[in-house]
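Feature list (source: TrEMBL):
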- 99-180: domain 'PA' (DOMAIN)
- 209-227: transmembrane segment (TRANSMEM)
- 262-282: transmembrane segment (TRANSMEM)
- 288-319: transmembrane segment (TRANSMEM)
- 331-355: transmembrane segment (TRANSMEM)
- 361-381: transmembrane segment (TRANSMEM)
- 388-406: transmembrane segment (TRANSMEM)
- 443-467: transmembrane segment (TRANSMEM)
- 479-498: transmembrane segment (TRANSMEM)
- 504-523: transmembrane segment (TRANSMEM)
Amino acid sequence: MTLTKTKSKLVSLNLMGFQRDMLCVVGVLLVMSVTLGSAGDIVHQDDVTPSKKGCDNNFVLVKVPTWINGIEDREYVGVGARFGPTLESKEKRANHTKVVLADPPDCCSKPKNNLTGEVVLVHRGNCSFTKKANIAEASLAIAILIINNRTELFKMVCEHNETDLDIKIPTVMIPQDAGMNMKNQLEKNSTVSVQLYSPLRPLVDIAEVFLWLMAVGTILCASYWSAWSAREAAIEQDKLLKDGSDEVLNLEDVGSSGSVDISTTAAILFVVIASCFLVMLYKLMSTWFIEVLVVLFCIGGVEGLQTCLVALFSCFRWFEHAGQSFVKVPIFGAISYLTLAISPFCIAFAVVWAVKRQLSFAWIGQDILGIALIITVLQIVHVPNLKVGTVLLGCAFLYDIFWVFVSKWWFHESVMIVVARGDKSGEDGIPMLLKIPRMFDPWGGYSVIGFGDIILPGLLVAFSLRYDWLSKKSLRTGYFVWAMTAYGLGLLITYVALNLMDGHGQPALLYIVPFTLGTFLTLGKKRGDLHILWTRGEPERHCPHIQLQPSQ
């Protein structure tokens, strides 16, 4: 590389500060706020509500497809009771059964109409759930649908003093709007029939495979880009040192390819700030707050997509001149012509996604913006040594466990899971997630992974490849292959745990950190490199400074 090209690079590195700082600020807010692997709960285990013999079922979601006068109509989702038999899991085995209204509507006394062999639709209230079920069963109904008095679902439990719990018919609660729709059709003398079944999730959905490949592939690409940039900067610095040029001082001031090193203090503060932001998300979660998050995500996504595309096009010689020619733009400083050409596309892409994000295929745009943001953050933010990486991942490990599991003791629900689902926001989750629709899951929904589950271990994996390249280690003698494999296995175990827990959200870092960090520490100690990795880190950071002599 000539000195002219070096000067151009120095200009671009110095003048990328605005975008770099903006991305770092947005990154702190977004990438760590949610670290979660989830597929959505269909089985709700409950250790709080009363449980006794005959009243110890898990709360399961129930599909309630309806037919009006023999024509298929809407499908609703209800929830099974703590008592009664287990519902059929196969749709083909669930019978189409006629629905009738209870008279009286609350089914708290013997019905005046005939319920034999039919599903009875009743209103909630005036007596216990078990009493309604017992009366319906005594009237020879084969199931009971209870209309809730609100749009949400409610867990139907037994009273402490109830003893008549030998109930042989299924009891399902449906939301108020679903129940009122069926009631209105029945009052018009329409024939309404339903199926009641609770399908199981598949053991593995193809969405999880693709999500695993996306996460591993993102870290792989980001690590090689980060290592290549670090090696180029080291070669450049070495040439300038040999030439005795004073431009090496400027290059050292800028840092390796405009990167930002995390300190031990910053690693701890990073987790503290993320915790504060997570609580703010939990407390302020609403439609307007989601809009704020969408704007922040779009800003980060535009910066990430722009950075990735500029780097990609710069690899082709047709765009080399445009990438090295600059024009001064107010506020932003010197911007290359290539960046100016790409920026409108990136902005338009983010705006279209934000406006159309409710569409069924909008997850594709969200994943593209998210992956670009993650790769760019891993390119800009560096872990300088294993000590910082250990502190960062150790704090993140505790962070994940606390906000998924321990937070239930203070907030009576998992803060992380509530935020990831986007409860009370009116939307299907927050944007700081990579997600893929579950293709073969009868319940639909998305498999998701939080940005933090990729970025935080990705920082350590990227460090391992930079260390290997700058130490001139091969793949066999280096640490990158081991770190990358450990991350992949940790994420795989996360999905295994997710399926074993019937879709309950899992703190992915609970599994990923021990695999990734444990492998790195064990291997470093075994090879005798642990002290160097722990304190010094990347070799290029310690190139000797030369004392430049004035020319004679």
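Yeah, the Cβs are placed from backbone N, Cα and C, and that goes for glycine too.
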For the domain 'PA' (99-180), DSSP counts of helix, strand and coil?
-> 15 helix, 17 strand, 50 coil
Take the domain 'PA' (99-180) and average the pLDDT across it for me.
-> 86
Answer with yes or no whether the transmembrane segment (479-498) touches the transmembrane segment (361-381) by the criterion of at least three Cβ pairs under 8 A, sequence separation 6 or more.
-> no
To the transmembrane segment (288-319), which of 209-227, 262-282, 331-355, 443-467, 479-498 is linked by the most Cβ pairs under 8 Å?
-> 331-355
Any contact, the transmembrane segment (209-227) to the transmembrane segment (331-355), with at least 3 Cβ pairs under 8 A = no
